[in-house]
Amino acid sequence: MSVPASSFLLLCFLMNSFSPAQSYILPHCEPVNETVSVEKDGCPKCLVFQTAICSGHCLTKEPVYKSPFSNIYQHVCTYRDVRYETVRLPDCRPGVDPHVTYPVALSCECTLCTMDTSDCTIESLNPDFCMTQKEYILDY
């Protein structure tokens, strides 16, 4: 029994189109520009500005069989090289240091999440979330 060429080509197309690796394209872990906010107790305004953060997809594997003796961990997109910058919050009360220092991503990598430097929660607040009145820096 021979398979017509058109059926063979259709079969090849369908096999490739449903490949997990090719069914969608996700951006790889890399620095991206993002609007973020900083605020501090004693300062009535939240400062909103753009900076480079790490964002993107990291390949991960999850075992089919999960044993209580096996370690399961996932890699996340996080900072490799950073530079620190400082901004000054407006209208802070006397005695409150108005300066806030934040990391700027220079390069990123897929690695285990470090709670000391990263937000490792499943879903966190948006990066530009503010509890107080927002003030924008327009000259990024």
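In case you wondered, yes, glycine gets a Cβ from its N, Cα and C as well.
As recorded in Swiss-Prot, the features of this protein are as follows:
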type	residues	note
SIGNAL	1-23	signal peptide
DISULFID	C29-C77	disulfide bond
CARBOHYD	N33	N-linked glycosylation site
DISULFID	C43-C92	disulfide bond
DISULFID	C46-C130	disulfide bond
DISULFID	C54-C108	disulfide bond
DISULFID	C58-C110	disulfide bond
DISULFID	C113-C120	disulfide bond
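Taking the C-alpha atom of C92 (disulfide bond) as reference, the shortest distance to any of the disulfide-bonded residues C29, C46, C110, C113 belongs to C46. Between the alpha carbons (Cα) of C29 (disulfide bond) and C58 (disulfide bond) lies a span of roughly 6 Å.
When the recorded positions N33, C43, C46, C77 are compared by Cα distance to C108 (disulfide bond), the shortest distance belongs to C77. Among the disulfide-bonded residues C43, C54, C110, the ones whose Cα sits within 10 Å of the Cα of N33 (N-linked glycosylation site) are C54, in sequence order. Across the structure, C43 (disulfide bond) and C110 (disulfide bond) are spaced 35 Å apart at their Cα atoms.
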